Structure formats: C-alpha cells, structure tokens
Amino acid sequence: MPAEPTFPIDEPAQICPPRKRGRPRMGRKLSSTPSVPSVSSSCKPQLRAMRQPHNQVERKYREGLNSDLERLRRAVPMLIQSNECMLIGQPKPSKAMVLAGAIEYIKDIERERDELREELGILNRGAKRMATWKGASKMKGRRQDSTTESSDGEYKPNTVF
C-alpha cells in the first residue's frame, strides 16, 4: 500500500501563542519551563508588526508633550527671555526648568491676585464709609459736596448748604 499523504494538520501548528500581559521578555529563554511553547520564527514578524504601531503611538505622545512644553515655555514671561539666550548660544531650558518656571510664575500671579483682592476690599470698605458719611452729613443739615453730570458727560462738583 502506498504511504498515506501527510496533511498540514498532522504537523505541529504554527499558531502564535496569545500575548501575555506585562513587559515582554527580550531575548530571554526559560529552559526550566518546557511547557511554554517557543515562538516560531513565522510569528516574530507578526509581533514586530504589532509593535510598530505602538512605537508610532509613543512617538506621537512624546511629540505632543514636547509641543505643549514648548507652548508653556513661550507663555511664561521669565522663560521667554531664555529664548534670546538660545540665539547667543546658550542651551534652551530643560523640561524641568520649564515646569519649575511655570510653577513660580503661577505662584507670583496668585500672590498678585491676593494683593489686589485685599486692596479692592480696602477700597470697597472706604467707599461704604464715604457713602455712610455723606448720608450722615446730609441728615445733619451740614454742607454736602456732591457731583452732578453735565451735558458733556463730565462730573462737576456742587456745593449744597
């Protein structure tokens, strides 16, 4: 009888094992675990093809971060001056310097905001005192200084006795 033909089904299948979670092991073979099938040479190009889009995603992510850091560097006034330094040969500020400069700038702006709020509160309290003082002097029949708007839009003082 002639030998039966062999079909690819009889040969070990060259199916790529499912990808495991975690970091892939690079060039490391585990001889102590014979139950783990080795990745066939036909699967390696497929793994590399799967890896390439991830590399592109990472590159796009890095480029996005770098462009945002550059925008931040241009937005912070004390770092804009460093742009002039680059023209004369000094290196541009590092990412850490950009972040530190931005943090310092934000703190300065917050400090200025708090000072302006305090000044506004003082002015508002003074305006209230002035309003109550004018109201009290009007009631006592004392001289009251007031202003009226003229036809040309300017305020002119009036003295009432």
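From the backbone N, Cα and C atoms, a Cβ is placed for every residue, glycine too.
The region 'Disordered' annotation in TrEMBL covers 1-55 (among others).
Here TrEMBL flags 18-28 as compositional bias 'Basic residues'.
Annotated compositional bias 'Low complexity' per TrEMBL: 29-42, in sequence order.
Look at TrEMBL and you will find 49-109 tagged as domain 'BHLH'.
Marked as coiled coil by TrEMBL: 99-126.
Residues or ranges marked as region 'Disordered' by TrEMBL: 132-161 (among others).
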Cβ-Cβ under 8 Å with the coiled coil (99-126): same-chain residues at least 6 beyond its ends: 69, 72-73, 75-79, 93
Tally of DSSP helical, extended and coil residues in the domain 'BHLH' (49-109): 53 helix, 0 strand, 8 coil
